[in-house]
Every structure is written in structure tokens, then in C-alpha cells.
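Annotation source TrEMBL lists domain 'RNA polymerase sigma-70 region 2' at 24-87. Look at TrEMBL and you will find 84-111 tagged as region 'Disordered'. Residues annotated as domain 'RNA polymerase sigma factor 70 region 4 type 2' in TrEMBL: 141-193. Positions annotated as domain 'SnoaL-like' by TrEMBL: 216-286.
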Amino acid sequence: MQRKGTAMPHTKVDDEFLRQADPFRRELLAHCYRMLGSAHDAEDLVQETYLRAWRAYDRFEGRSSLRTWLHRIATTACLTALESRSKRPMPTGLGGGSADPGDDLADRPEVPWLEPIPDALAGTAQSDPATIVTERESIRLALVAALQHLPPRQRAVLILRDVLKWRAAEVAEAVGVTTTAVNSILQRARAQLAQASPTPDDVEEPAAAEQRELLEKYVDAFERKDVTALVELFTADIVWEMPPFASWYSGATDVGTHLAERCPARPGGVLMVPVEANGQPAFAQYLRDPESGDFRAFTLQVLTLTRGGISHVANFMDTRLFELFGLPLTHPSAGVSAEEGQQPVAGAGQR
């Protein structure tokens, strides 16, 4: 590793930096996503992190690992960015109660809503099953949503200590406080997070075979728009959210009423394409255009499964997110029937 005071040609710095630093890109993106709540913003901050690190690489002394050094730069960049940005909530985080399914939807496009993130963009390229599970849990939608309610410095301290498992002294150096202050900040952050995040029992997933069966039933019911069958898959206290709409629903009965009366889907006019988001089962939902017959992007759904059924569905209605997931706005299955266009629920048993 190059040390301060040792000359190195600029092109060699570039080559060496890229070789050493590039393997950490995905986990840095996950780190910035936890801090910012936006995959798009996280990508921008990772670019900023690499630019800052590249400029300083010939002065990197190796007193910490390169991974730690890069995360420290990323944390500083995120904290600076958060000074001028609002938190990114989900509708349930705005403070209001659940809506009456008979009321008009409250559209709030001005709110910088929380975004989902594709699994392919976040985390390290690990093959160890335990590590994969830990990484997926650290980007779950409920956790990231809860993190957004913490002040930025509390958020950083908690992520560095409890997710990245840094020592208190390392965290203190990264956020510019004393070790004693880190411990105090961490205590407050944990207490606040405990109030906002779900308990382990709330997110205990069914076994792989049960999960696959549940998701296959969900896809089948949605593509047929069989609301009765959908409600049977929900837990009694399911939460249904739809940013950029501030309205959200709680309870299988109210969610079922919303789907029956408000959802524009029609039997045979829905296509559910499986994707992977936030370490959770997810689907890109396409609706058939009644005039052209094309299947057009409608929403990205991120599901939370428990042993009792589907307990939460986050519907991200911003179709610009489809590009982030590498999805077209008009699906290639356009012009075929829903049965012909239906795809298997890929990856459901791998979570």
C-alpha cells in the first residue's frame, strides 16, 4: 500500500486505486442508501466518495483498512448532503392514521419519498449464506424507513456500530466526536429505532416452500384480480402503502375494499414480473392498456412476508424506478394474454 511521502506516477495511482477500491462499490452503495433512503442519491454519493478518495489516495497511509477509509469518506459525504435534504419517509411515517378506503387518495408528489433498492446494486458479492442473510436484513424496507426518522448523526453512528460493527473509537473518528459521545448517541438512536422498527416476530418469514407457494398464489390472484383470494393471503393487520400518495390502509378488510374499488387492474389485464428489492420479495406490476393492449409499467411492489401471511405491501407508484431495476416501461409480453405472459415467481425460495 502506498504511503504518504512516497512519490507515485499519477497513472499508477489511478490504476492502483481502481484495482483496490472498486470491489467495495456495492457495499458503499448500500451504506449510502441506508443513510439517504434513496438509491439514486446513494449512487451520486458513491461517485462523490470515489472522487474524494481518488484525489486523496496518494496520501492514504494505511492506518486503517481501505474499506474503513472509504466508508469514512462516504459517511462524511452523506452527512454533508443531509444538511440540505429532508428525510425520506413512507406514508405511514408522516404521522397520520390509516385512511378510509372510500376517501380520495391524497397525492403528495412534493414529498421526497423513500425509494426501494435492487438487491443487485447493494451489498458485497458474498457466497456465504449467513452473510447474504445479514446483508439483506440490513437493507430491509422497514429498517431503512425507521432509520430515516433518526437525526443524521445518530443514523450514522447506529449504522457504523450496529450494521458495519465498527469499534466505538472508529465511529468517533468518522463522525468527529468523542468515544463517550458515540456511546451516548448510540443509546439514544437504539431507543428511538426500537419504537419505529418492527420486532423480529413481525418479520419472521415462512419457510422457503411456504414462501414460494404464498407468492405464487399472490401473483395468480392479482393477475385474475380476485380480491377475495388476495385478502385470504393477508394478515389481519396488513399495511398497504402507495407513495407518492400519502394515503395508506391498515387491515385486510380495508385493503380489500381499496383493491376492489380503486385499483385500476382488470382480470386478465395484470402482469406481475418478479424482481428483488431490499432483500424482500418484490414485483414489477404492469397493467394492460385497454386501447393498445400493451402491458405498461404501473407500480413496484415490495412485500413483507410473515408466517401468518403478507403483512405489508409497499407500492412505489413512480414508474421512473423501473429503469433502476433494469425494467422496460412497456413489457415485452405486450399483446399476449395474462396467462401467456405470466412468469414463474423466481427466487422466492432463495430468501
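Just so it is clear, glycine is given a Cβ too, placed from its N, Cα and C backbone atoms.
Unlike curated records, TrEMBL annotations are generated automatically.
Under 8 Å from some Cβ of the region 'Disordered' (84-111) lie the Cβ atoms of residues 36-38, 41, 141, 145, 148-149, 196, 239, 241-251, 254-255, 257-258, 261-262, 314, all in the same chain and six or more residues away from its ends. Helix, strand and coil counts from DSSP across the region 'Disordered' (84-111) read 4 helix, 1 strand, 23 coil.
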